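Let me begin by presenting the structure, written as structure tokens, before commenting on it.
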Amino acid sequence: MQDLTIHPEKKQLIIIGNGMVGHHCVEQLIERGATQDYQIHVFGDERHRAYDRVHLSEYFSGKDADALALGEANLHATHGVLLHLGVRISSIDRDRREILTPEGRLPYDSLIIATGSWPFVPPIPGPEVSEHPQARLVYRTLEDLDAIRHHAIHARRGVVIGGGLLGLEAANALKSLGLEAHVVEFASRLMPVQLDDQGGTALRERIEALGVGVHTGCATEEIVATPGHDYAYRMNFRGGEHLDTDLVLFSAGIRPQDQLARDAGLEIGERGGIVIDETCRTSDPEIFAIGECALWNGKTFGLVAPGYTMARTVAGCLTDVCEPFSGADMSTKLKLLGVDVGSIGDAFGTTEGAKSYRWIDEAGSGYRRLVVSSDGKKALGAILVGDNSYYDTLLQYVQNGIDLPKDPAALILPQSEGGAPTLGADALPDTAMVCSCHNVTKGAICKAVDDGCADIAALKIETKASTGCGGCAALLKQVFEHELESRGMDVDKSLCEHFHYTRQELYAMVRVEGITSFDELLEKHGHGLGCDICKPTIGSILATCWNQPIMDPQNVALQDTNDTFMANMQKNGTYSVMPRIAGGEITPDKLVALGQVAQKYDLYTKITGGQRIDLFGAELHELPDIWEELINAGFETGHAYGKSLRTVKSCVGNTWCRYGVQDSVAMALELEHRYKGLRTPHKVKMGVSGCTRECAEAQGKDIGVIATEAGWNLYVCGNGGMRPRHAELFATDIDSATLIRYVDRFLMFYVRTADKLQRTSVWRESLEGGLDFLKEVIIDDSLGLGDELERQMHHVVDTYECEWANALKDPEKLKRFRTFVNEHGGDPDIVNITERDQPRPARTNELQSLAVEIR
Amino acid sequence: MSTATAAKNTAQVLCGVHDLVDYSGVVALHDGRQIALFYLPHGRDRHSAPEVFGIDNHDPFSNANVIGRGIIGDKAGELVVASPIYKQHFRLTDGVCLEDSDVRLATFDVRLEGECVVIV
Ligand SMILES: Cc1cc2nc3c(=O)[nH]c(=O)nc-3n(C[C@H](O)[C@H](O)[C@H](O)COP(=O)(O)OP(=O)(O)OC[C@H]3O[C@@H](n4cnc5c(N)ncnc54)[C@H](O)[C@@H]3O)c2cc1C
Ligand code: SF4
Ligand code: SF4
């Protein structure tokens, strides 16, 4: 634990709880300059730094604790905030204004309680918890999920008690861990808080169709251990029925974590919760409570947005302006087990005189309900099951009291084309809330645009909109584009001054019009001579579409120097040469041959991060001779110079490694040889690991493949380098043929739709609809493109030819590999120095002293 | 006419036109200086007589002799070459760097004479 020294010149501010809301409060305090007057201490019971609990379930679909963490890792240190993780506060001494930590007492001037909730486990008789933890699991923290993962290993079936929002998420988690999942709900329908009967029925049908067992109106009376039976436990229900299972997960509601406040004598609500006023002060004015532990106006709030609003209120009260907390909208939009569910405002029509429109689709298990005021003029609430594309518009009608159209039913009726009806962004008042997590209104977005935000990324950074739960992304984009348009600005997406089209548009023109040369494209759709931006981009498009050798005369002038000379230019104008060493596997003979070439041409050699060997310091005129020798020794070009597949990194897999479950080297070789000729918008890297220990670091690659007992897990869109990004799990336990098919489609879809120089990671982030959309296109073939993408890839694979072998056959092409057109030999200005027994370019100061010696 | 004859007298052949590469560069050595030669087979509007430009091969930003290996094109109507190392643009006509007008590469009076490229 960090030290508890006190700065006498500053006031002491203590925050108990480092969850989502506590963390947001710290960020807000820092932003408002509170660290000038306050020494801030934060205490968190959990050992992890604050993380995104809303997306907790992604812990099971590829994200680790780091990927879920909130904000910058060094935020606290940078601003002098002392963060104590893994420390539970045991009590508050209000008389002495001190808190009790395991290390001793610490005085406070102001105190903020942000202790969240705890998962309620009903007192159902069952086996001893210490011996049977798997009969009493909960779903709230990363540690809870670790426990679930641990106990799921030997389980076949899992039951969730509680059919609310969290219970269904938990059921999905069990399913994703490979278990047969069941949900047991006491009420007569699923999600009783958000949905009415018909909504519950539609949801139930959809969820059952996914293979999850649903048992409603079921009260569990006891859980008994059944050693020696098929399943480890039996759950007995009132009425005599039972269900056997290997583990039981409770999701029967949450309760405010108010113990500290109770013990300290603060006012507590009848059913729990620390009572606060509109400034978030408890009954002791020096103590605030925020987030799920707080009770305002008789209500607790189990969502993150109201907690964030409270955090802002407190940060304001402690610094400049105290904006009173005035309750929060509890509308929710979720995707549960892949099923859209939305609930807005007065969803049950409890307002006096309220009337409802309902649309029921029994065949497709869809349901929508719109609740309107007695005069039919305003929308009060809504329920959606099956399709949330109606959500944003309905929410705006309800939240902003916008007058309904003449036929309100149209708002929930299926649309023959163009998708759900949208309320034009101009119909929204400036006060309309776009992002409720970060309290960003349409007005704030307009202001940011006025202040110069020219793209969504900048807007997100400036306003924080859409960086919370992300539910408002589509609406944000719509408002943003509308604002740009109404200011007469248009987002210039032109490639460069010669082509007023995006890379994607040019790609389509080349394909559709069958254009095979830069000249032709320039003639038809561009102007001027071209430049160093459009030439390589179009060169790459032509190469992918028609697989022409980049050294063919019409392509030569398009390539940047690396592509032109099929080597990588280094800072002194020499090149590095990197033959392909597929999968990092190399025979001793080839290794010797490489060494001999390096010796003969005095090249510096280094092993790269991609399991290859790079030979540095070759001059232009030496390249053909070097390649002649390499090709004779059985090498081929490694495309290290191109925007194309670089390497497929692999571990040794089950051939040698005792943990390996598949032959990762063979898979790496197959992938590398298949895609080696493909030209892509940016470089592409892959990795294959032989088991989940992941020695090949496949999750840091554009395409990552990890062996499982049953086949392969496929990860996509990872990235190392300057902005590392974890690859996301795309498909599990697929066989080799399916893997190749998905990768074929994925890569071709990327080639078609990415912008110039866009890595897959950035492309993925720019894709509307995100990973789900990508899965639909690649796995479910939702755009009907699958065959075409595969056909294109087959063409590229079938017409592969080593570019260096091709060039060596053609004296015309070799003509260019001359340092001078009118002299033999190399550049006299290239001077090497020997260091650690290898050559390297002389530095400027070394060159100067060399010059003196010669003179 | 007289100037042309005068030029012919002092001109020295650098290389043949067949040594040049369309819309791209090669490098010739002349009196110990490296000259990058860029060739536009149909002129700068793509529809007139061929043109050739000679410019210093030394890139002052990277201190390497690489300009001849840059991509050529036009920027706001000016013919330019982009350095392959740090991507600055230099005007082919007078060598001025667009990103930093204090930097200027030497240019050379090179011409096409029949099948030859000559320097005046
Ligand atoms: C699976 C799941 C899905 C969810 N999905 C959504 C969603 O889609 N939308 C939405 O709006 N909300 C969702 N939520 C709810 C959302 O996560 C919570 O509303 C939010 O995390 C509340 O923040 P908090 O800071 O009040 O509480 P928490 O995030 O629970 O943080 C409280 C912290 O205080 C610590 N603490 C408690 N007592 C002490 C003590 N004595 N000393 C030190 N530390 C202590 C706890 O360990 C905890 O880390 C979801 C929650 C879960 C579990
Ligand atoms: S990833 Fe698995 S199979 Fe491969 S080397 Fe590591 S432990 Fe062995
Ligand atoms: S990390 Fe930087 S210095 Fe190192 S190779 Fe990459 S670009 Fe060059």
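Using N, Cα and C of the backbone, Cβ positions are placed for all residues, glycine too.
Site annotation for [4Fe-4S] cluster in TrEMBL covers A:C657, A:C691, A:C695, and the matching candidate from A:C651, A:C717 is A:C651. The Cβ of A:C695 ([4Fe-4S] cluster binding site) has 18 other Cβ atoms within 10 Å, all protein chains considered. Counted over every protein chain shown, other Cβ atoms within 10 Å are most numerous around A:C651 among the binding-site residues A:C651, A:C657, A:C691.
Cβ atoms within 8 Å of the centroid of the Cβ atoms of A:C651, A:C657, A:C691, A:C695 (the [4Fe-4S] cluster site) belong to the same-chain residues A:V652, A:G653, A:Y659, A:G660, A:S664, A:S689, A:G690, A:R693, A:E694, A:A696, site residues excluded.
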